[in-house]
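Pulled from Swiss-Prot:
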type     : residues                       : note
TRANSMEM : 16-38                          : transmembrane segment
DOMAIN   : 74-163                         : domain 'Rieske'
BINDING  : CYS109, HIS111, CYS127, HIS130 : [2Fe-2S] cluster binding site
DISULFID : CYS114-CYS129                  : disulfide bond
Amino acid sequence: MSESAAQEIPMSRRQLLSFVTGGAIAATTAATLYPVVLYFLPPSTAGGGEGVAAKDKEGKDISVSKLLAAATPGEPVLTLGLDVNGGDATYIVINDQKEIANFGINAVCTHLGCVVPWDNGAKQFKCPCHGSVYNADGGLERGPAPQPLALVKATVSDDKVLIAPWTEQDFRCTDLWCNKDPYWVK
């Protein structure tokens, strides 16, 4: 040990408390900012560029085998998925053969952004905010919504449902809306 190191003055109590307080503030700030930063980052994709894995209400990946075992044919299942049209609530469509359809439906109303629940009795999506009605494919049946619910592409890979942007033509056509170009693709 050199003689200059032995002559250094040890840290004072005030310096130690300042150091500990600064560390506590830095740790608290980092813990607070971590979820904020994650919010602005794009969601991780499952399986390369194939899409985002659909999640349940707890944020866990949905197992296709468990989903189909519990699903009712013709009744869509609400999941968390791709942020389309300002919201990531997405319906996975279960067809009559009890298979996952190749498309899903974004659950955000095109009028004012309310999440649209499925009415199983009427076999329609009905917006609770202002009464817009959408058919089982998300096609617009009654306004004030100006457009149908946005579509997403749904594929199955490794027992997961992958949701990706729908870029193909819109296959739905109703009396209120019949535009083949997907309005949600920018």
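Quick reminder: no glycine exception, Cβ is built from N, Cα and C everywhere.
Features per Swiss-Prot, on structure.
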residue: CYS109; record: [2Fe-2S] cluster binding site; Cβ contacts under 8 Å, 6 or more apart: VAL115, VAL116, CYS127, CYS129, HIS130, SER132, ALA145, LEU149
residue: HIS111; record: [2Fe-2S] cluster binding site; Cβ contacts under 8 Å, 6 or more apart: CYS127, CYS129, HIS130, SER132, GLY143, PRO144, ALA145, PRO146
residue: CYS114; record: disulfide bond; Cβ contacts under 8 Å, 6 or more apart: VAL108, CYS127, PRO128, CYS129, HIS130
Looking at the recorded positions CYS127, CYS129, which one has the fewest other Cβ atoms within 10 Å of its own Cβ? CYS129
Cβ-Cβ neighbours of HIS130 ([2Fe-2S] cluster binding site) (radius 10 Å): 12
